[in-house]
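Lifted from TrEMBL, the feature list:
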REPEAT    142-183  repeat 'WD'
REPEAT    186-227  repeat 'WD'
REPEAT    232-273  repeat 'WD'
REPEAT    283-317  repeat 'WD'
Amino acid sequence: RNCSTSQRNKVETPSPLDFTHTRITFITHVIWENLDDEGDEMRPCEILEEDPDSEESSQGDDGVYHSKYLTHVDPETRNVPKPAPNYSTWYMTTHRAASTCAIFSGDGKYAATGSADASLKVLDTSKMNSRSDEDRPVIRTLYDHLAGVNDLSFHPNGLVLASCSDDQSIKLFDLSKPGVKRSFRYLQDTHIVRSIAFHPSGDYILAGTDHESIRAYDVKNFQCFTASTVPADLHRGGITKVRYSTNGSQFVTSSTDGSIKVWDAVNGRCVTTIENAHDGTIVSSVKFSKTGKYILSGGRDSVARLWEAISGRMVLQYEGATHKNNTLQTTFTYNEDYVLSSDEVNNTIVCWDSRTGKCLKRWSGHANIIRCIAASPTEPGFISC
């Protein structure tokens with residue numbers, strides 16, 4: 001069982017161990033005997049402007065120059081794999097039931113986790129990093145869902161946290177008000193909501209449900225927009241994950257039908273479809289690289305894959321982690337040097353070199369299936385739950 005108000009407007013619509021590198025924050029979710037931690041003030045995100053397309057490069061420990069993010073991956077190029085990173089556990093906490101999802105705010109100052117027990121926790125990463133017995137990293141515990149939480153998304157300002165659940169709802173929590181534990185707005189769908197993502201502008205929230213149509217909601221009035229209704233554009237099964245690109249011009253979706261689709265976020269049309277992305281099995285997770293050039297996916301064929309976003313061509317495979325029966329997550333580390341996922345057979349975290357596909361290391365410590373790994377956007381830390 002790891003990892004762990006105000007006016008509400010309803011809108012109807014049709015274990016032990018864990019790790020991290022150098023400065024590392026690796027979490028598994030504990031029920032604190034007395035959570036007297038609801039009064040910390042949260043401040044808006046201050047995200048430094050950076051150009052993900054920059055060709056800035058740096059010399060790694062292997063003596064080879066690497067671009068800042070994934071700008072060019074060529075399997076034919078004999079890149080020297082990077083040394084395996086060293087991670088150590090900095091903090092652990094628990095929910096009352098299995099932890100299901102985790103995410104960091106855009107500036108990396110806060111993290112949140114969701115659980116099958118229907119609760120959410122918000123954590124201060126600086127308090128996790130301090131490793132002081134006096135600091136309590138859990139600064140909010142939120143209760144408003146009636147069933148397990150499936151996904152989370154921080155608003156770009158860092159003061160609103162959205163969650164979605166098996167109870168078919170999306171809920172928004174105002175984190176700027178200490179002591180408030182219930183959502184201030186919520187939306188009731190007609191299907192289980194599996195995944196959500198705020199647009200980088202904060203004006204819209206994307207939602208993927210057990211229905212094949214993608215929804216986008218105006219955050220101010222929760223007016224619902226659907227992506228293309230052209231049959232060829234649609235998935236043929238429920239949506240498992242939705243994620244925007246860094247600049248918000250596109251979004252990517254994965255489905256139980258085994259496909260990955262890239263969409264134009266302005267006109268809602270599908271621009272790229274990757275059929276049978278994981279040999280016809282369910283695609284569990286997808287996300288863009290920071291440049292938007294690549295898509296990283298994980299599926300129930302036990303192989304993570306890197307794709308060109310425009311052409312849909314597979315570039316690289318990351319093999320060695322069993323993923324057959326559960327919905328698990330695959331992600332990049334903050335600088336995209338490494339790919340992280342989990343192995344459902346031995347409950348380990350698996351790390352690959354992102355540019356060569358070489359499996360570098362495994363870490364144990366969890367007593368059960370690791371459903372989610374969320375990497376900090378600003379430092380070499382990550383959460384596992």
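Just so it is clear, glycine is given a Cβ too, placed from its N, Cα and C backbone atoms.
The residues of the repeat 'WD' (283-317), classed with DSSP into helix (H, G, I), strand (E, B) and coil, number 0 helix, 22 strand, 13 coil. Along the repeat 'WD' (142-183), the predicted structure has mean pLDDT 96.
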